[in-house]
Amino acid sequence: MNPLATLEQGLADIDAQGLRRCRRVADTACGAHMTVDGRAIIGFASNDYLGLAAHPRLVEAFAEGARRYGSGSGGSHLLGGHSRAHATLEDELAAFSGGFSDAPRALYFSTGYMANLAALTALAGRGATIFSDALNHASLIDGARLSRANVQIYPHGDADALDARLRACDAPTKLIVSDTVFSMDGDVAPLARLVALAETHGAWLVVDDAHGFGVLGPQGRGALAAHGLRSPNLVYVGTLGKAAGVAGAFVVAHETVIEWLVQRARSYIFTTAAPPSVACAVSASLAVIASDEGDARRAHLGALIKRTRAILRATHWQPVDSHTAVQPLVIGSNEATLAAMAALDAQGLWVPAIRPPTVPAGTSRLRISLSAAHSFDDLARLEAALVTPIGAAA
């Protein structure tokens, strides 16, 4: 069999299992109401939790940044691409999210995937042991693999099982790695226990707050701030393309940790820096997130979450007990989940079907993602539409 035929057979196998993923084309800015593939829809697919992706203040900051700095950075951060906009943003991120450390410093990355790879591959290596939650994001899984450390997977959210594994480990370097808000279930890690275990066992605790930053905690400062947690063992990763409404990610930790990443993190060193205009837009986003407007958006989002939980509990399917903007409705089979997604789409509602390997086999689901840009009328549309596709998919 030739190489192309091998791929064609692989794609046929994906189709047979109902697992092919397809992109949709947005013709308008990200928001609750969009034009997608030429059709008007209400979107419940994005991670734009605060509805900032098309905020005029961010758009203008992006445009002004491009006028000042041009369209690209021109190089890596260590070879000419580190602008004043990047430096200013890192100072702002350290001040905003670094309350857990006595000497916080931040490092900006082009993507969350790169930030997670940087933290794990630079802090761990051969001879180290990484303890990773069973439901961690793919970027944390890949970072652990690429680090060449020994990797132990502990049961999801099970701090007691993690404690037992840490007690049995004599590796000189240990890392506990966990999402804060888990992206497919919407539940929150036992962060206070994880911090205590990290300090008890002399381990780093790397937390990925992709779905908590901007939403949780006072002024949206994130999951650690929401729980009032502080520790020199913490390494905090935040994402800027979700609630912040722009792009990129960052790591905040003690200044010594960040300097180590600058010197050793390959996904920071060997890539072109993001355009400075992106950093300008993120700075504007931080100002909105921390403002009274940000508080109002978080309050509205909280009310939407409460209403959605009530809607999903009224269905005969299995809602996951989530108190966050990620509201999954577990259906089970790939085929039934795809049918439900298609029926919702026919009624102008974009609710994506999540299937393996993103979630375990037999737990395919609709992932309803809420935004402060949604209205209660949008939820009423969703509630009315759920009855038909869910019944048809049964």
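Cβ from N, Cα, C; glycine included.
Residues or ranges marked as substrate binding site by Swiss-Prot on the basis of sequence analysis: Arg21, His137, Thr358. The pyridoxal 5'-phosphate binding site feature in Swiss-Prot is assigned to Gly112, Tyr113, Ser183, His211, Thr239; the stated evidence is sequence analysis. The N6-(pyridoxal phosphate)lysine feature in Swiss-Prot is assigned to Lys242.
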His137 (substrate binding site) and Thr239 (pyridoxal 5'-phosphate binding site), distance between Cα atoms, whole Å: 13
Ser183 (pyridoxal 5'-phosphate binding site) versus recorded positions Arg21, His137, Lys242, Thr358 - nearest by Cα: His137
Most crowded position, judged by CB atoms within 10 A, among Arg21, His211 as binding-site residues: His211
Spatial neighbours of Tyr113 (pyridoxal 5'-phosphate binding site) that are distant in sequence (at least 6 apart) but have CB under 8 A: Ser139, Asp142
Listed binding-site residues among Arg21, His137, His211, Thr358 whose Cα sits within 10 Å of the residue listed as 'N6-(pyridoxal phosphate)lysine': His211
Residue pair His211 (pyridoxal 5'-phosphate binding site), His137 (substrate binding site) - Cα distance, angstrom, rounded: 11
Alpha-carbon spacing, Arg21 (substrate binding site) to Gly112 (pyridoxal 5'-phosphate binding site), which is rounded to whole Å: 21
Coarse DSSP state, helix versus strand versus coil, of Tyr113 (pyridoxal 5'-phosphate binding site): helix
Cβ neighbour count within 10 Å of Gly112 (pyridoxal 5'-phosphate binding site): 24
In three-state DSSP terms, the structure that Ser183 (pyridoxal 5'-phosphate binding site) belongs to: coil
Distance [Cα-Cα, Å, rounded] between Gly112 (pyridoxal 5'-phosphate binding site) and His137 (substrate binding site): 10
